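Enquirer: Feature list, courtesy of TrEMBL:
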ACT_SITE  Asp325  active site, proton acceptor
ACT_SITE  Tyr411  active site, schiff-base intermediate with substrate
DOMAIN    23-105  domain 'Copper amine oxidase N2-terminal'
DOMAIN    114-215  domain 'Copper amine oxidase N3-terminal'
DOMAIN    248-666  domain 'Copper amine oxidase catalytic'
MOD_RES   Tyr411  2',4',5'-topaquinone
Amino acid sequence: MERLQQIAAQATSSAAAPPLPAHPLDPLSVQEIAAVAGVIKSKYKGKNIVFNTVTLKEPVKKAYYNWKEQNGPFPARLAYFVIIEEGFNGVHEGVVDIPALSLLELRKSDSLQPILTAADLQNTEEIVRTDPAVIEQCILSGVPADDMKNIYCDAWTIGYDERWGASKRLQQALVYWRSDEDDSHYSHPLDFCPIVDMNEGKVIFIDIPNRRRKVSKHKHSSFHPIHIKEKFGTKENPSGYRNDSKPINVTQPEGVSFDMDGHIMKWSNFQFHIGFNYREGIVLSDITYNDHGNVRPMFHRISLSEMIVPYGSPEFPHQRKHALDIGEYGAGNCTNPLSLGCDCKGVIHYMDAHFPDKTGTPVTVKNAVCIHEEDDGLLFKHSDFRDDFQTTVATRGKKLIVSQIFTAANYEYCLYWIFRQDGTIKLEVRLTGILNTYICAEDESPGPWGTQVYPQVNAHNHQHLFSLRIHPRIDGDNNSAATSDAKSSPFPTGSAENMYGNAFYAERTTFKNVKESLTNFESATARTWDIFNPNKINKYSGKPSSYKLVSTFCSPLLAQEGSLVRKRAPWAASHTQVVPYQDENGGYGRLYPSGDHVCQWSGDGLRGMRKWIGDGKDAVENTDILFFHTFGITHFPAPEDFPVMPTEIFDLMLRPRHFFEENPCLDVKPSFARTTKEVKANVKGVDSCTLEVDKTSRLAFSKTSAATESSSCCSKK
Ligand code: ABN
Ligand code: CU
């Protein structure tokens, strides 16, 4: 990155400084965003600037724990910002010291383009609609000349196009037509693609395919109640909706079992901080577990640091479709306000998110993060066959879910960070929304690169790959990582070591350096990965205190070596990368594996993961490490995915292994437990053996409640 200007501290605002937050990792408050905007505006007085990003610049790990664990000072409260100055095709970025209301750093770079904001995307549609060359193309495509109000576009960053490189701030407009304002336009894609210069506010080029395709004359397919009524409504059932659906309600008569102090969550022995930013969305930090009075660190920070949705059609200009949604648009910037009883069910605690608008004025996304509990099924159970399973214990669990949903133009990504009472942390992704579509002529086949999901609607093959960034702190700062492979004994059947041929074991291969850490999922060995503290040995197993990453949704990146996709997502070429943690000078050190500024990066040169991997020789054993994990799915569309996709679910988990000395949730009260002696003494009914039975449960075709059911858990058969 070119650094044209580095300026020393300089007080620039006379306004009162906003109060310090309760916790150093708390996102910027509305007052802080306004104060930072004030400092920036006074620096740029007389110039036309557009605010792009104002966010917390998190304290480095050492400063944080010095405050938290060593009674040290509250870390510097800093904001990182990006602005665009009229007439300059690049970014201004810098750092503001909030309590001092002073500018600490400022750099101006003409070879970088900033993340896109909602305002950037919204402007494009009007620019495209009113452009004479676009109108001409719409008419050629068969759209009525007086219907330009029904031209819509999904504005995407251009990704990278060598015709312009990063010299202009560019978007590609994926153009559609709605036959009515309430249609889903994805049934009616148009065949050309305007390129918009955002700084100039105009269309500078239109990519027109050699083969022209007229807009489809088929009626749109859609999903709102009016469309369902049209599709399925009958005289007997006008709405068209299934009428066999009885409500399932969640009751938590005594409220929730978690406690929140600001952004600090306390739940079932876990404690952690819930942060949120424009880019990664939810950030979970300083995750600890109270192990019977011993508060043990597990992870310093976990987040989704990048993702890529590369499309698989080789036909120009579709190769350009490869959205790096987190770095180019932001899982925070695109986050939805969530609604009670719809997105989130039960007893909910919400957190809002605050961002600057283009003038620097704070805007709030209400209910950006949903926090709630759900029943988690059985946590553990055992029954003794000797007395027909009457000696028994059955313990139900709860799970805590911290979630958000963000919309990446056509798709919705629903992210659920799930905590289980056995110490497991899961990430579940539910993918829904609408396929990205392209027109297919009446007599055309999409070939192997896509699927016709509706008449004249081609949905191209694509992948959804994520980079999970894990900064572990398992029982301390020095950690290691390894693959764990299920292997047959190396000794043949009949040998002294494996006489009967049945032996197998878990082979742990510790990464000594970055190069060794570039590994892939292996289904043949049921590969998992261990992140562990080699200095803390479990007294029973003799193995190091670990968290095991269990992740099987591990599609390989299908774009080939030399492709733009592979160059711009160096992290997607392997399923794991372990690099040393480093607080790089003044920057945003090792947070973003496709680089800090992703838009219009050619993929050349040393940025992000490519830079961190370097020559692969950095040591990553028994030190402060970052573990990056690439996971996700390959999506070959099918008609079932249209006009809106039923949620496709994939997940991964981090499980404690050799971390605890026994089952960590033995102290969760069972629903029901009875010893052999109690069975013999014929203890029954709602008494000593019935500890936490759900009294609202009942038989489906009977009116009686659980406590009096003949088949309740206490009764003797
Ligand atoms: N998937 C590309 C994208 C994401 C967010 C907003 C616009 C486009
Ligand atoms: Cu998909």
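A Cβ is built for glycine as well, from the same backbone N, Cα and C atoms used for every other residue.
Remember, TrEMBL labels are computer predictions, not curated facts.
What's the neighbourhood like for each of these?
Expert: When secondary structure is read from DSSP and collapsed to three states, Asp325 (active site, proton acceptor) falls in the helix class.
The Cβ of Tyr411 (active site, schiff-base intermediate with substrate) lies under 8 Å from the Cβ of Val309, Leu431, Thr432, Gly433, Ile434, Asn436, His464, each of these being in the same chain and 6 or more residues away along the sequence. Under the three-state DSSP scheme, Tyr411 (active site, schiff-base intermediate with substrate) falls in the strand class.
Summarising model confidence by region, the domain 'Copper amine oxidase catalytic' (248-666) averages a pLDDT of 97.
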Enquirer: Neighbour count, 10 Å Cβ-Cβ cut-off, for Asp325 (active site, proton acceptor): what number do you get?
Expert: 26
